[in-house]
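Take a look at the structure set out below.
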Amino acid sequence: SSDLCTVLEILLVPCARERSEKLQRCTVRMTHELVEQTLSRTRNNWEAAFTFFLWAGKQPGFHHILRDYHSMIAILGKFRKFDTAWSLINDMRALSIVTPHTIMIMIRKYAAVHDVAKAINAFYALRRYNFEIGISEFQGLLSALSRYKNVKDAEYMLFCNKAVFPLCTKSFNIILNGWCNVVGNLYEGRRIWKEMERRRIRPDVYSYSSIISCYSKLNSLKSVMKLYERMKASGIDPDKKVYNAVIHALSKVKLIKEAYSLMKTMEEKGIPPDSVTYNSLIMPLCKHRLLDEAKQAFDEMMQRGLLPSVRTFHAFFRVLTTGDEALKLLQTMHETGCNPSHETYIMLIRKFCRWRRLDDALKLWNDMPKKGLDHDRSSYVVLIHGLFLNGMLEEAHRYYVGMKEKDLLPEPMTDTMIQRWLAGKT
């Protein structure tokens, strides 16, 4: 919308004073939809997001709702502005709109930066806000810790609190999935699996999907099929995650007919394939450079009305060999409503620099802020290296200076490369 464009244009003004003055003169009609869209587009620039959030909250007749606060708290947490986030939560408390989910956002953000102690403190802060702490909240803590690779700490919490929160399949599953699919440590996953057996905690379909997925990623088709048959023999029906993991394992060893046969079995069982199912086919096919088969699976996916994900497109981008193909696929990505990520742009900028299509590389760079993606450390590094290796030394140095002005630390190799060039100039 024009209001969104107006606000975003103001927030991109580098001078804080000028930005503030323009906001004060801004006459857009404030709505919760505008707040949601603006925070989504500025989620990688906490200062711009927070400036807008505070200004929006002061507009006549407008008050932030719970969703607005949660979005802003998540952005602040992402950039480790935890004191500011807690200050907002205290504002929410005065309005009596704090929920357990509010605190859970903080737990997740602490877990994301591996500050386990503060994640646990935030968990116990639930009582301070007059919320009960039950097994559901405890499992939320375990999930947050495991999701961000703090699985060892999550496992410690599980066993240390077994008197308060009795051991059960769901709690074990969180740890099992953490070891198997977040960390990808099969040894630890098997240890937890055996611990479940020792304590007579009966595995369910989620337990099986976790360990089967791990074996699938590690190319152990024999173990995948053995567990798959064992699960069925124990009376547990496979779910979509199990089918997807087995299809992935089959595709990785080029058993494409068998993978499609299992997909047919899924449908006969009333479980329609989803985007993940097709990714389980497409990604290994691309890796094996069986592009005709991968494109056939992609077309079939689209015909079913299933939307490809960022991972789908990345699988193709990794193996494309020409710039025109890459640009065409990027256009398809936009048309399907799939938003490119930082990784998408970094991958493409690197490729276009290798193909010596620097105009296209710089165009992609300039497109990033328009898509709500701030230029981060990795994107600067890949562009600087690409320009430097293509002989555009002055340009590379200009972006290097811009990177340091944003307080982004260059990689040692980047630093050495630029410093040697500067020394050679004098």
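Glycine is no exception: its Cβ is also placed from the backbone N, Cα and C atoms.
In TrEMBL, annotation is done automatically, which means it is predicted and not curated.
What TrEMBL lists as repeat 'PPR' is 168-203 (among others). Residues of the repeat 'PPR' (168-203) grouped by DSSP class, helix first, strand second and coil last, total 28 helix, 0 strand, 8 coil.
Break the repeat 'PPR' (204-238) down by DSSP state and the numbers are 26 helix, 0 strand, 9 coil. What TrEMBL lists as repeat 'PPR' is 204-238 (among others).
For 239-273 (among others), the entry in TrEMBL reads repeat 'PPR'. Shown for the repeat 'PPR' (239-273): DSSP residue counts in helix, strand and coil, namely 26 helix, 0 strand, 9 coil.
Here TrEMBL flags 274-308 (among others) as repeat 'PPR'. Averaged across the repeat 'PPR' (274-308), pLDDT in this predicted model comes to 95.
Summarising the annotation, TrEMBL assigns repeat 'PPR' to 341-375 (among others).
Look at TrEMBL and you will find 376-410 (among others) tagged as repeat 'PPR'.
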